[in-house]
Amino acid sequence: ASSCDQELQSALEEAKQPQKDNVFIPECAQGGLYKPVQCHPSTGYCWCVLVDTGRPIPGTSTRYEQPKCDNGARAHPTKTKDLYKGRQLQGCPGSKKNEFLTSVLDALSTDMVHAVSDPSLSSSRVSEPDPNHTLEERVVHWYFKQLDKNSSGDIGKKEIKPFKRFLRKKSKPKKCVKKFVEYCDVNNDKSLSVQELMGCLGVTKEEGKAETKKRHTPKTNTESTSSSRQ
């Protein structure tokens, strides 16, 4: 699929030609992605697209109003991690980054185990896990639900605050915490989708299964209770 930037360039070229003033001009986000809502001003129609290919999502078009779109809808969701492969986390080089991600996932796993086993925390809405998910995917989905208080499918500015507090409290090295939320926000829309959270924590599907097992062994109950006391 061509990137949004390329399509934008050719649309702008085409629009310069006579009788071509109603050419559709896509709106781009960072990294060659498309913005989730695209509109054609001359017709008044807007619709949702897959952010990696720009393909319209059937049944989403509206006229003279903005449709509600999923900011992370992709044709190739397993490619999320690729976006983070060459991405630098400021102040946190490779080996430090691995140590940091492992500590975050360990702390989240521990929290999820507590939430599942403590009936007084029923407000934490532990939903039935997807049998296709690895433990780490379950953890990220569970935590995403905790943060997404208004169930919008995105963690907005206010909802990110508890995540930042959690990172400062539970993860190390501390230098990695500073720019981590910006690092996660690939499309720079000041909110995080579940795909972005998965990607920046290094949790992926296909090839990730073997990889995550190597890197991260969840704590047992006894270990997790002692570490949370500390």
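Positions of Cβ are set from backbone N, Cα and C atoms, glycine also.
A TrEMBL annotation is a machine prediction, not a hand-curated record.
TrEMBL lists 1-69 with the feature domain 'Thyroglobulin type-1'.
If you look up TrEMBL, you'll see Cys39-Cys46 marked as disulfide bond. Of all the Cβ atoms in the protein chains shown, 20 others lie within 10 Å of the Cβ of Cys39 (disulfide bond).
The feature domain 'EF-hand' is assigned by TrEMBL to 135-170.
Look at TrEMBL and you will find 204-230 tagged as region 'Disordered'.
The compositional bias 'Polar residues' annotation in TrEMBL covers 219-230.
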* **the domain 'EF-hand' (135-170), counted residue by residue under DSSP: helix, strand, coil** => 27 helix, 1 strand, 8 coil
* Under 8 Å Cβ-Cβ from Cys46 (disulfide bond), six or more apart in the same chain: what's there? -> Val37, Gln38, Cys39, His40, Ser61, Thr62, Arg63, Glu65, Gln66, Pro67
